[in-house]
Amino acid sequence: MMVPIAQSVIAQLEVSYHEHHKASSAALLESSMPQKNFHKSTSAMSKGMIISICFAANIGGTGTVTGTPPNLVFVGQLSTLYPSAKTGVHYLSFFVFAFPLMLLCLMACWGILTFWFLRHAPEGNDTVTNMMHDRYAKLPQMSYAEKSVGVVFIVMLLMWLTRSPEIVPGFGDLFPKGMFTDATSSMIISALLFILPSEKPTFRLPTIEELDGKPIPKLRVEGEEEDSGLIMTAKKQKKIPPRLMDWKTMLNMFPWSVVWLLGGGFALAAGVKVSGLSVMLGNILGELETLPLWSLQVICLLSVMAVTNICSNTVTASIFIPVVSTLASKMEVHPLTLMLPTTIACSFAFMLPVGTPPNAIVFSSGMLKVTDMIQVGFLVTIATLIITVGYMQTFAHLVFNLDEFPDWARLVPMNETMSG
């Protein structure tokens, strides 16, 4: 959605640049060249604008549970690895933890992109600003369907935030444990989309014209004499407005592959635990237990960031989260101290186009080279790594009680695991 908007802004920047340099014959010659030979500073600005979209999409998704697939994998595997544990992780607590971290990483990314691409940027003018204001003024008003979807979305957020806030009792406490989860709220809202109309309903009595309809000529059989004096009336059929969502659209547009991918990840996590693979990998990595916790977090983040740049972030999360949870249990530290940064790092794929779908979409615009992403992506990777490790040592302890090793995180003997 954002790539076409950015391309429109970039095109307006090019027009503005030509208008400010048309007095120069050299500039006139340059304006006739293809875009790849465009002015260096304007080209750098265009690259910075287009690459900021995929970087912001990768970082911005880490702020909520539903923002990116690795977060969903984390929540699902947490309940799979520790089924009866009170981990304290739910939509609100994850938001309180991840949203400030997301803002810090976004600001660092903005600073790096600004320094890297806009050091020699031309002086600004009001052309692009006026164009954006003009486009905004031409936007139509929100339709009834758009407003309805917005209200339904807000209701779903409120249900997620108030189900079990822990600060005060939530409405989820009215139900037996495990009966009403965040997934229940999602299913209720999803069903509501198939019920609510997409057009504004009218709550008034129909008029006579609406009941009887307009007179229409009588149908005449071929060969029958025309009788213009005879007419018939047909009652107007009541139109049933379409719903906000229908099954045909759901069937064709819903990303079913993501559901299978997430489900496969959960099955993989359970298999890694039951088979004892996570314990074996934890024993192999057990020699790292002598290292300080922050250095262990750095090693985990570097490993995850390296893999997620060449592999799906969902698959990366499905593989690494069970391993680091076992490693944390072996070291007798809170599993969230390694699981949370590992989950966040799965979305920090900045260096290659194949890292995430946003990277691929932005790269397909043809305005970037692989070297552009590698160079600036490396700087953003290092910055987000430092911020994440520092954040885990400070603010994360205020959200989750990470200083104590919980009983539910202790390793279960293999014979008990296999029999269960």
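Numbers run from 1 along the shown chain.
Cβ atoms are placed via backbone N, Cα and C, with glycine included.
Here TrEMBL flags 49-69, 89-118, 144-162, 253-274, 294-324, 336-354, 374-392 as transmembrane segment.
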Contact check, the transmembrane segment (89-118) vs the transmembrane segment (374-392), 3+ Cβ pairs under 8 Å, seq sep 6+: yes
Stretch with greatest number of CB pairs under 8 Å, the transmembrane segment (294-324) reference, 144-162, 336-354, 374-392 candidates: 336-354
Other parts of the chain folded back onto the transmembrane segment (144-162), taken as Cβ under 8 Å at six or more residues beyond its ends: 91-92, 95, 170-171, 182, 185-186, 188-189, 192-193, 196, 198-200, 244
